[in-house]
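> Straight from Swiss-Prot, here's the annotation block:
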BINDING   T37, G38, L39, L40, F60, R61, R62, N71, L72, C93, R97, Y159, L185  NADP(+) binding site
MOD_RES   T309  phosphothreonine
REGION    319-334  region 'Required for interaction with MAT2A'
Amino acid sequence: MVGREKELSIHFVPGCCQLVEEEVNIPSRRVLITGATGLLGRAVYKEFQQSNWHAVGCGFRRARPKFEQVNLLDSEAVHHLIHDFQPHVIVHCAAERRPDVVESQPDAASQLNVGASGNLAKEAAAIGAFLIYISSDYVFDGTNPPYTEEDIPSPLNLYGKTKLDGEKAVLENNLGAAVLRIPVLYGEVEKLEESAVTVMFDKVQFSNKSANMDHWQQRFPTHVKDVASVCRQLAEKRMLDPSIKGTFHWSGNEQMTKYEMACAIADAFNLPSSHLRPITDSPVIGAQRPKNAQLDCSKLETLGIGQRTPFRIGIKESLWPFLIDKRWRQTVFH
């Protein structure tokens, strides 16, 4: 521990409620998480905080108490945040991750996914912080899986291109940084639309109406808490070994189409799935997607880094508050 700070807490005793100022320990290892109010960022923040790190999270559009509100496009604000906090590690989760939004707003997406990432890498290098840049399996075209870190990227859509350009901007500005490519994510969402996996739950539950589900693109749904654990393990290993840098892959190992995920979700909650209709044709609407961008994760596994939650277990943990008869619980427990 390197210090102590004072924090207000509420103490309840029979017939009395008191606001008490207490001293709390400050862990010596410091980590800054961008996009900490998003699905992955929340999990990364929680993982580090529960592992004896002094974690500071920042967000912008969804900023909330205990998190810094920072516009990553404001280079001066980013400079002050990093130089004031002096993190040992920065996990850069903030991004425009929706392919169709990137296609419709290319300039704004590029500013965040590329420009802000390069600037963050430069600021991290200036103080000697280890930067982990979260990238995507969409940097590959999906024609020759599984992909290792040495395979040449060839993105099919603008989202994949901005993430690849972000990788280049990070590694050009910070030779000691790490790039972590990951696939489609799910986890404890605040709303179903927060994940391309959980958003299917309403279609699964409303079995009185048939629903078309993609049965063409092969996905590897990955729990955000597993990615968060990998980020922490990578950071802790880097603090002991400066050779830990460069590009890494992490992914769940259960291959499923959206149709198969939806059926697995139905099975996990003992719901019918006969109303779900598999569509085997390549999607013609929206940004082009890779058919199978499976990531080879053996590089991290060789380092002894990794964690995988079985999809059935993870999806049940994530979605139970959104069951039609339990939605009132979201405001209380979730």
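Numbers here mean position along the shown chain, with the first residue as 1.
Backbone N, Cα and C define each Cβ position, glycine as well.
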> At the level of the C-alpha atoms, what whole-angstrom distance separates L39 (NADP(+) binding site) and T309 (phosphothreonine)?
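Given the Cα positions, L39 (NADP(+) binding site) is 16 Å from T309 (phosphothreonine).
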> Have a look around F60 (NADP(+) binding site) and count the other CB atoms within 10 A of its CB, chains all included.
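There are 18 of them.
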> Just to verify a number: CA distance, L72 (NADP(+) binding site) to T309 (phosphothreonine), in angstrom, no decimals.
32
> If we check Cα distances from T309 (phosphothreonine), which of the binding-site residues T37, F60, L185 wins as closest?
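Closest by Cα distance to T309 (phosphothreonine) among the binding-site residues T37, F60, L185: L185.
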> So, in DSSP terms, is R97 (NADP(+) binding site) helix, strand, or coil?
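It is coil.
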